[in-house]
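Visitor: As annotated in Swiss-Prot:
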{"type": "DOMAIN", "residues": "18-51", "note": "domain 'LRRNT'"}
{"type": "TOPO_DOM", "residues": "18-529", "note": "topological domain 'Extracellular'"}
{"type": "DOMAIN", "residues": "240-286", "note": "domain 'LRRCT'"}
{"type": "DOMAIN", "residues": "287-373", "note": "domain 'Ig-like'"}
{"type": "CARBOHYD", "residues": "Asn339", "note": "N-linked glycosylation site"}
{"type": "COMPBIAS", "residues": "393-412", "note": "compositional bias 'Low complexity'"}
{"type": "DOMAIN", "residues": "414-503", "note": "domain 'Fibronectin type-III'"}
{"type": "CARBOHYD", "residues": "Asn452", "note": "N-linked glycosylation site"}
{"type": "COMPBIAS", "residues": "614-627", "note": "compositional bias 'Low complexity'"}
Amino acid sequence: MEKFLFYLFLIGIAVRAQICPKRCVCQILSPNLATLCAKKGLLFVPPNIDRRTVELRLADNFVTNIKRKDFANMTSLVDLTLSRNTISFITPHAFADLRNLRALHLNSNRLTKITNDMFSGLSNLHHLILNNNQLTLISSTAFDDVFALEELDLSYNNLETIPWDAVEKMVSLHTLSLDHNMIDNIPKGTFSHLHKMTRLDVTSNKLQKLPPDPLFQRAQVLATSGIISPSTFALSFGGNPLHCNCELLWLRRLSREDDLETCASPALLTGRYFWSIPEEEFLCEPPLITRHTHEMRVLEGQRATLRCKARGDPEPAIHWISPEGKLISNATRSLVYDNGTLDILITTVKDTGAFTCIASNPAGEATQTMDLHIIKLPHLLNSTNNIHEPDPGSSDISTSTKSGSNASSSNGDTKMSQDKIVVAEASSSTALLKFNFQRNIPGIRMFQIQYNGTYDDTLVYRMIPPTSKTFLVNNLASGTMYDLCVLAIYDDGITSLTATRVVGCIQFTTEQDYVRCHFMQSQFLGGTMIIIIGGIIVASVLVFIIILMIRYKVCNNNGQHKVTKVSNVYSQTNGAQMQGCSVTLPQSMSKQAMGHEENAQCCKVASDSAIQSSETCSSQDSSTTTSALPPTWTSSAPVSQKQKRKTGTKPSAEPQSEAVTNVESQNTNRNNSTALQLASCPPDSVTEGPTSQRAHTKPNALLTNVDQNVQETQRLESI
């Protein structure tokens with residue numbers, strides 16, 4: 001028996017060891033079971049946690065989300081700690097089975113919003129800790145199931161508001177921490193029923209005022225001992241931009257000397273300690289109406305806008321009183337805006353009278369009267385005006401175009417109502433309307449057209465005669481949907497008042513306007529064409545300049561190798577001067593020839609070189625060879641020699657002979673190299689001129705010239 005109990009004990013221990021998650025510590029303190037998994041590096045909630053766990057600690061891990069199955073069937077769980085994780089998402093109804101949960105710690109995570117069903121099923125939750133998250137939004141019904149809360153901590157978040165209606169129902173709440181948020185308003189009466197509340201912390205928000213509440217009258221601090229009485233309500237509101245006027249006078253009258261709250265406005269009290277300012281300096285400025293409409297006259301059926309602006313401290317609220325003495329509120333025919341503007345969408349004769357604008361704040365009120373005159377439309381005589389047509393009521397466009405069958409005629413046929421008005425033509429800015437309805441309404445004065453756009457709810461009214469069958473609506477926006485209604489303004493035969501009746505409504509959309517796009521495209525194309533044409537012209541000029549430069553460079557290069565033109569060649573066969581006769585030679589040869597012309601004593605060498613050239617090139621074409629050389633040298637030597645003989649004095653015979661011999665020896669070597677160069681060149685390298693052409697036809701004359709050159713050379717040697 002003892003062995004059996006021992007084995008049973010071992011089996012129980014083994015089962016317990018298997019149920020406890022890895023890395024966690026399970027404490028069995030009968031009848032409670034605690035599972036401690038803090039600081040274990042967990043990425044998710046362990047799936048094998050004992051469902052009978054009473055206390056579960058999962059703090060300081062890396063859990064990112066909570067799923068529905070993580071805490072399923074844990075009905076005994078009382079305390080759940082999920083602090084200091086990275087939780088950013090909680091599945092709806094994730095805590096639905098935790099009906100006995102008393103404390104839920106979700107502080108220091110990454111939650112950004114609280115949805116409707118996140119805390120569903122937590123009807124016994126007393127402590128909800130959500131501080132140090134990134135909350136920006138709390139759903140209006142998120143706290144509906146946690147009405148038994150005693151402590152709610154939402155501090156250190158980014159909340160601008162919270163569901164105050166849900167807070168108002170938490171009658172068991174005793175601690176509310178809202179510090180370090182961006183809350184700018186607390187509705188009046190929020191804490192009226194929270195009699196158990198002992199601490200409210202709204203430090204470091206954007207509150208300019210606190211609403212007076214009977215709960216705050218318990219906010220007292222014992223000046224002598226500094227101990228808070230159990231019945232005392234602790235209020236912390238430091239770090240807010242308080243506007244110290246008469247609205248905070250109730251708070252100043254509390255005995256609080258230990259806090260250091262300061263005023264942010266008005267300018268006279270900026271930076272001063274709240275509790276040190278005398279009560280008589282908490283002042284308010286009574287309202288003063290600064291701008292208003294003096295008098296207005298409008299045609300019956302048109303729109304009337306009355307304006308009233310006031311200033312004061314605090315900002316005054318503006319109300320309107322009708323000529324009958326009734327408070328005007330938002331209705332189908334009238335709108336009251338927050339800035340003090342009153343809009344009467346469709347005026348009637350009974351709207352004539354004095355409208356009163358009332359601006360009020362805690363310091364007082366101011367009034368201003370404005371006269372509205374409705375110009376009555378002329379009545380048309382009609383024998384059937386005793387027939388009573390029922391007034392369908394309001395004629396504002398929101399009722400006639402947005403409410404389905406209400407926009408139809410009195411028989412309720414919407415399709416027939418739309419068929420009564422047809423858009424014949426619609427462009428980007430205009431629409432042509434055609435009226436197909438029968439004018440059987442007695443006493444019709446005129447028709448009123450009213451329309452607005454999808455993006456602009458401002459009504460536009462047009463009045464047209466009752467005989468009109470078409471109407472052109474101008475100044476419309478392109479690509480915009482319009483709701484348009486036609487109303488008949490007629491005389492009520494029984495009441496003798498002007499009544500309106502919806503004849504028909506239609507919805508249409510204007511065309512898209514592409515004119516500006518095409519215009520911009522045409523401008524773009526025109527500019528592009530100008531740029532292209534200009535580019536072509538510039539490119540053409542550049543190409544022309546480049547061509548000229550290339551041609552000039554080529555001509556320059558050719559000029560360096562250009563053949564020398566030798567003119568005025570005299571024939572030695574007949575002694576006559578040949579006009580226009582020339583022989584072309586390479587530049588090197590022309591330079592040598594010119595040098596020989598300058599020096600008369602070189603004629604002999606030139607003749608020898610010409611003879612040598614003719615002998616070495618005898619294998620080439622005889623016409624080319626003979627045309628290249630002889631005439632050039634025959635023209636220079638005799639002429640220059642004759643000039644020397646005339647101008648120069650005749651020296652002795654021996655020096656002259658030695659000089660000629662030296663010159664002959666020097667020029668012979670030079671011209672021999674020239675002759676060899678000419679002989680080694682191909683025949684095509686020598687350009688044929690007119691003289692060479694004549695040389696082909698007269699070979700005997702050339703031979704005669706050569707013989708004469710030889711004779712002349714011998715004569716010079718003998719001298």
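Yeah, the Cβs are placed from backbone N, Cα and C, and that goes for glycine too.
For the listed features, I'd like the structural context: burial, neighbours, distances.
Guide: If you look at the domain 'LRRNT' (18-51), the same-chain residues 6 or more away from its ends with a CB under 8 A from one of its CBs are 57-64, 66-67, 69-71, 73-76, 81.
If you average pLDDT over the domain 'LRRCT' (240-286) in this model, you get 85.
The C-beta environment of Asn339 (N-linked glycosylation site), restricted to residues of the same chain at least 6 apart in sequence and closer than 8 Å, consists of Lys309.
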Visitor: With every protein chain in view, how many other Cβ atoms are within 10 Å of the Cβ of Asn452 (N-linked glycosylation site)?
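Guide: I count 19 other Cβ atoms within 10 Å of it.
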Visitor: Give the three-state DSSP assignment (helix, strand or coil) for Asn339 (N-linked glycosylation site).
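Guide: Coil, per DSSP.
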